[in-house]
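**Q** Just passing along the structure, written as structure tokens.
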Amino acid sequence: MSFMAATGAEEEEEGAAATAAAGEVHLPAEVDWEMLDKWRFFALGAALFSGVSAALYPAVVLKTRLQVAQPPPPCLRAAAAILRHEGPRGFYRGFVTSLAGTVPARALYMGALEATKSAVGTATLRLGVPEPAASAAASAAAGLSAAVAAQFIWTPIDVVSQRLMVQGSATAAKYRGGVDAFRKILCSDGLRGLYRGFGMSILTYAPSNAVWWASYSLAQRLIWEGVGYHMGSGSELRPGYGALVVVQGASAAVAGGASAIVTMPLDTIKTRMQVLDGDSERMTIGRTVRSLLREGGWGACYRGLGPRWASMSVSATTMITTYEFLKRLSAKEGSL
């Protein structure tokens, strides 16, 4: 069974076709970078992803607290403690700071993602690389470049927002808000303090995004291939937008869950480096790993896996369906 992902440059018809001996699935053309109204894309993207971030933020707060707690309480007990002592507001500590950085970071991420995917996809096809391999390579390269570009904004935002996240009502607040935290970190540690864990963030998110986008592309391909084989000989299917969203959401959930499990130890190390202060020594990767191993062996590296797995799976499903919807909303007139 062959599968061709449609792009505007490659396809002038209605879409691409996934062809099997048993059946044929015709998919609508993908909206690529050249087909987008860039102003509409970034403006609508900021609004849509701000809403998604607000819905998923409580899981991020819970995950962060579990990663730095010594010893960590059970997940549900930790969530109940936050709700009991701090109220619903406790699940949104640092949210304003996070949102302020998420908007420009998301814009940079989406721009790098689409530009790279379009450039690499076109280049690999011209080199004679088979379409499935070219699609996977373009998705992986796009995810890698987007993650690296966005970390220049996300890392300092992470450092500040995560320090606000772990401030509970049971302890004296060290920071009065995002601006105060930014100023104090800058005064005590300089610019280096705001980029604490930058290298670890790259090591965590760059391969994670590369694997995620490649897995997402592959999962979609496999699902549509299965549909084609199940349809029976001589059958044809032109799925509507609803069916596309379901397949995209399922593929995103699988890719997000797998990525969470693979990168969990790296995320725990990164979070500790960004949040915890060393006594007299700088928090390095080696020192952080040794501290985790002393506390609970390799299992300590997977603290907060439940909230992170759930958050990344739900986030991936929500983000990708929102993202694909955003691209169709932002398509230039007559480009589809």
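The backbone N, Cα and C atoms fix where each Cβ goes, and this holds for glycine too.
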**Q** According to TrEMBL, which stretch among 127-148, 193-214 corresponds to the feature transmembrane segment?
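**A** That would be 193-214, the stretch labelled transmembrane segment in TrEMBL.
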**Q** Can you say which of 1-20, 81-100, 301-320 is given as region 'Disordered' in TrEMBL?
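**A** The listed stretch tagged region 'Disordered' in TrEMBL is 1-20.
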**Q** Who are the chain neighbours of the transmembrane segment (241-264) in space, where the CB to CB distance is under 8 Å and they lie at least 6 residues beyond its ends?
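**A** For the transmembrane segment (241-264), the list is 27-28, 204-205, 207-208, 211-213, 215-216, 219-220, 223-224, 301-302, 304-305, 308-309, 311-317, 319-321, 324-325.
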**Q** Do any residues of this chain, six or more beyond the ends of the transmembrane segment (193-214), have a C-beta under 8 angstroms from a C-beta of it, and if so which?
**A** 136-137, 139-144, 146-148, 150-151, 154-156, 158-160, 182, 185-186, 255-256, 258-259, 262-263, 266-267, 269-271, 273-274, 283, 285, 316
**Q** Give residue numbers and ranges for long-range contacts of the transmembrane segment (41-62): same chain, 6 or more residues beyond its ends, CB-CB under 8 A.
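**A** For the transmembrane segment (41-62), the list is 75, 78-79, 82, 90-95, 98-99, 102-103, 106-107, 110-111, 165, 304, 307-308, 310-311, 314-315, 318-319, 322, 325-327, 329-330.
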**Q** Pop the mean pLDDT for the repeat 'Solcar' (134-222) in here, whole number is fine.
**A** 86
